[in-house]
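Here TrEMBL flags 1-21 as signal peptide. Look at TrEMBL and you will find 97-248, 302-363 tagged as domain 'Alpha/beta hydrolase fold-3'. According to TrEMBL, the active site annotation covers S179, D331, H361.
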Amino acid sequence: MGCRTLFFALSCILFAYYISAPIPENVEETWKVGTINALVKMVSFTVPLMVLSTFVKLDVTKPISDEHITVTDTTFSGVPVRLYLPKRKSERQRPAVIYLHGGAFIIGSCKNSAYDLLNRETANKLDAVVLGVDFRLSPQYYFPAPIEDVLSVVKFFLQDKILERYRVDPMRICIAGDSCGATLTATVTQLLKNDPVFKNKIKAQALIYPALQVLDSLVPSQQENEHGPLLTRDMAIKMACLYLTRDEALPQAMRKNQHMPQESRHLLKFVNWSNFLPDKYKKNYIYMKPVLGRLNLSYPALLDSRLSPLLVNDSQLQKCPLTYIVTCQYDILRDDGLMYVTRLQNVGVNVVHDHLEDGFHGALSFMSSPFYLQLGIRIKDKYISWLEENL
């Protein structure tokens, strides 16, 4: 009983501390955002990762069909997927969207209520086939397991016989995702565009507040939004490192921006924010190169463009399809998206960029009771509207 009382008292103290954290004035539903912010940070402080993962699994929905959409859970190439098929009859082939969920590669599912709502509405409004993918998660499965799963699913789906089975137009296919799902979207799209068999089968990609590089952990947005809302710099570093290893040396070095090896020097030009960020986001920050060669342990993945899609050269970026990117002002990952917008535009890729001045990371996950946020609904509506116009 004493332990329970102590835990309850500690929880109350933590909640009171976090609820008092300032929320930017232009963020709507301040009290609700403040409450969610406090709960997220309190849970991240007190609850072990595996318990948190179990809690998120409680939000998994069943494949319930409705009058408009048939929903089915199945496997493609051995990977669990959820398929949304419109019921209405159509004279022509349908577009398709492959959606990759967020969760920092450690939590989440395409079957979570927010993603079920998003994909169901996408299928209904676009009269499109929508596919959610449940790729493997860390720390049980490290990089590049999620990429392998998604590539396997996408290549299976893009077979002519599969597209014919679901009456999908092979010229109207989009890969989309949020957060780490947006990372996977960028990576898989780049890989497919380099594959002669599949390079012409992806019309568009949509990235919602993407993470696109791990080389520089002190870009302006990481300093400016160090304490959130919701996603703090410390939380992001912990989760990013868990995608690679359980070793504590890596996150400790990354907090100091001293995690990259000497061999990465030639890659820094691809993430030099002083060259790619619009002036309004540079503010008074001064570019400082990451300190190289301080970490004794070797992590080859840190040099891999599959982990950091910003690392590909311009000739590779030129191959990217029509692109939609959402960035949020109060997101530590904001500058990754902004740099990608600039680099894609510099090589002539058609990019539509929506920047939410009152936005923050993870809002798309809060679209149902009791954590319903207007910001999440706005992001959903912008994303679906773009798909309607471009797919």
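Quick reminder: no glycine exception, Cβ is built from N, Cα and C everywhere.
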_Roughly how many Å lie between the Cα atoms of H361 (active site) and D331 (active site), rounded to a whole value?_
5
*Whole-number Å value for how far D331 (active site) lies from S179 (active site) (Cα to Cα)*: 11
_Validating a neighbour-count step here. Other CB atoms within 10 A of the CB of S179 (active site): how many?_
27
*Name the residues of the same chain, 6+ apart in sequence, whose Cβ is under 8 Å from the Cβ of D331 (active site)?*
Y209, S221, N225, L231, G359, F360, H361
*Provide the number of Cβ atoms within 10 Å of the Cβ of H361 (active site), excluding the reference atom itself.*
26
